[in-house]
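*Asks:* My structure is below; once you've seen it, I'll send some questions.
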Amino acid sequence: MKYLFIAIILILYCSFTKADQKKFLVNMYDNDPLFSPDFENANGAQTGLVKKKLGSDGKPIPANYDMKDPNGNYYIKNATTFKSWFNEVAGVSILVPFELVLTQTAGSQNYYSYSNTSFFPLNELGWYNPSIKGDYEFKKYQDSNKKEQNFHFCMHASFIMSTNCKEVFKFKGDDDVWVFINDVLVLDIGGVHGVQDGTVDMANLPEKIHDSTNSKLGNCKNGTYPFDFFYCERHTKASNCLFETNMGFTCSYYDYCGICNGKGECCTDVKLNQCYTKKCPLPNSLPNGATNYQDYMTIVPTNTCGGTDKCKIYSCNNSTGCEFKQKSCDDGDKCTKDACDSKTGYCSNIPTNPSVVTSCLKSGCDSTTGNYSTPTNCDDKDPCTIDSCINGQGCVHTKACDDEDPCTTDSCSADGKCTHTAIAKCNSDCPSCPSKKCKITSCSEDSGACNYVDMVFASPSECYKATCDPETEEAIYSPIDSSCDTSDSCFTAQCNLNKTCTRVPAINCDDNNECTTDSCSGGSCSNTAIACDDNDPCTIDTCSPSEGCIFTPIVCEQTSLCNTFTCSVGKCVPTPITCSSSVKCQDSICREGVGCVYFNRTCPPDDDCSSAYCSMETGKCISKAYDPLPFSCQSTAVKVGVGIGAAAAAGIAIGGAVAAGLAIFGGKKAYDTWKTSRGNVMTGSQSNPLYTQNQNNGNNPLYSAPAE
């Protein structure tokens, strides 16, 4: 009798309960061994084929290339072949949308499952679509029942889940399966293999899925996360895909392709020419769920045509692509050497030779001709002097009318004419007197004796005294003050009124470059590069010949919609963007390639016998036991049919199917007690047809009249 009761209870439960469904449009990618060597290789199960974090495109990244099984078969040949697994690649894989229908598990409100032991969703689709197949001759593959099937495909299903770290996801099937939560790998069943199973237990995750540093949280933290399910069928002769979960999968958005949390993969960028591309819009950017993405495509540059040589000016030619011309640093000065620094792009215009200034020479450069060396002009405009320049002293102006006759007086007129007037009683026939170094010889008219007078030389300035060189009888000019010493050829001395000198550069070593320190030593110029270092690793230190040191902050390229990149210790470091909402019961999350998305909060229940919702008053989740409870949540007494009436009389909450069992086996009183405990939803016992009196005045054997 007990077993009959249980059977009736189950029959009634199933008949009174309509299975709920959740439908999600996901992406399938049809491959074929004709194009991809990764398919139809019997290489066995293998973990570690993909990295533990999803790539920036939200797809797995292969971790081992050229890895082979003992028979020499590839697991994954290379990154190029792997790309077609979860991407549409022209001539290799074809994108096909697929409706994944999850069915509520019988006897449980919170569990949903998918079960297919003959999982061939792409038969007559993808490469096997007659309109696409064309002239390709595909090998025909059969299952164990000799039926032709499309075995070679992959699937990516993306959901959003809210967790309190109690949920589970159970999978059973073949071949590759990878599950990522918040982009972190939590289930790895890779390789071509027979049916295998695996479980994601949120309470015991193998990897940390959150960023909190609180060690007490473990690998799971209550919150909302993306859930990505990657599946591949890569080999004959069976295809199984079964999973069950109480993770409340939802979609944060649908892209314009209709895909749950999709990346807009039905849209393909169109290359217009060598320089411009018509780019697809962001997956969730169309207004009001529109699907006409073609109207929202934008034209963007295909090639930035940049290069490492900053002395080249790059541009793009629509026909030929990138081209460049050399940057001009010509300053129009023929006395400079023009150059461009390929690392910085700065121009330098360095003098070809430094300007040399001495007492008698100005070695400058004529910017229009490029000619050098200009003698010092010592012309004093006096016709009565002979103008010359003595190196180290400068200009010397010697009287022009000296006839070297001791018996004449020499003079010069304003027009430069010399006059030599004889000196009276001067004996020019004086006997020959022996010469003496640095002496002027004369003879006395009266005595005929030789007279010697020291040679006197005119000094070029008040700062020098002139003496006679006893060897050459030429003038030697010595500085009166040490400040007038010109032994260093890098300087010349400028005489002051107080008979001291001011040292001024004799050689111009300025190379017109703010990036060098200019100096002179031993008559030679030195131009030493300065060090531009501000000790900040987040600046690019360069030097401009016209401006000197320039410290340019490193600007990090913003390549992500979910991270902001800033410089730290010389590297661009991502900081996650916080997507927050002030609207109660609205959740938010950031998806790479999409940005921030906002959606109604889904609350995880406390257990499998409860449902949860978000309170619009508090914005917090509230978990509440199902009423009536699902059969699986009933007490043992109810499940086995022991003491049914007592259970109802005791006020145990039970469902309609069990209530029907009570009506059959527990008697009307038990049923009435259950009905009363339901809050008088029914108005009377007559609401149950099993307890309605026979309208033909006959006896209903299951009906007992109310006690008087």
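Quick reminder: no glycine exception, Cβ is built from N, Cα and C everywhere.
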*Asks:* Among the residue ranges 196-222, 682-708, I'd like the one that Swiss-Prot describes as region 'Disordered'.
*Replies:* 682-708
*Asks:* Quick one: of the glycosylation sites N78, N371, N600, which has its CA closest to the CA of N498 (N-linked glycosylation site)?
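*Replies:* Result: the closest of the glycosylation sites to N498 (N-linked glycosylation site) is N371.
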*Asks:* Closest to N600 (N-linked glycosylation site): which of the glycosylation sites N78, N222, N317, N371, going by Cα position?
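*Replies:* It is N222, whose Cα lies nearest.
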*Asks:* In sequence order, what residues of the same chain, 6+ apart, have a Cβ less than 8 Å from the Cβ of N78 (N-linked glycosylation site)?
*Replies:* P62, Y65, D66
*Asks:* So if I measure Cβ to Cβ from N116 (N-linked glycosylation site) and keep only same-chain residues at least 6 apart in sequence, which ones fall under 8 Å?
*Replies:* N240, C241, L242
*Asks:* Considering Cα atoms only, can you say which of N222, N317, N318 is the nearest neighbour of N371 (N-linked glycosylation site) among these glycosylation sites?
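*Replies:* Considering only the listed glycosylation sites, the nearest one is N317.
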*Asks:* For N498 (N-linked glycosylation site), what is the tally of other C-beta atoms lying within 10 angstroms of its C-beta?
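*Replies:* Other Cβ atoms found within 10 Å: 9.
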*Asks:* If you average pLDDT over the topological domain 'Extracellular' (20-643), what do you get?
*Replies:* 88
*Asks:* Using C-alpha atoms only, work out the spacing between N318 (N-linked glycosylation site) and N222 (N-linked glycosylation site) and round it to an integer in Å.
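*Replies:* With the alpha carbons as reference points, the distance is 53 Å.
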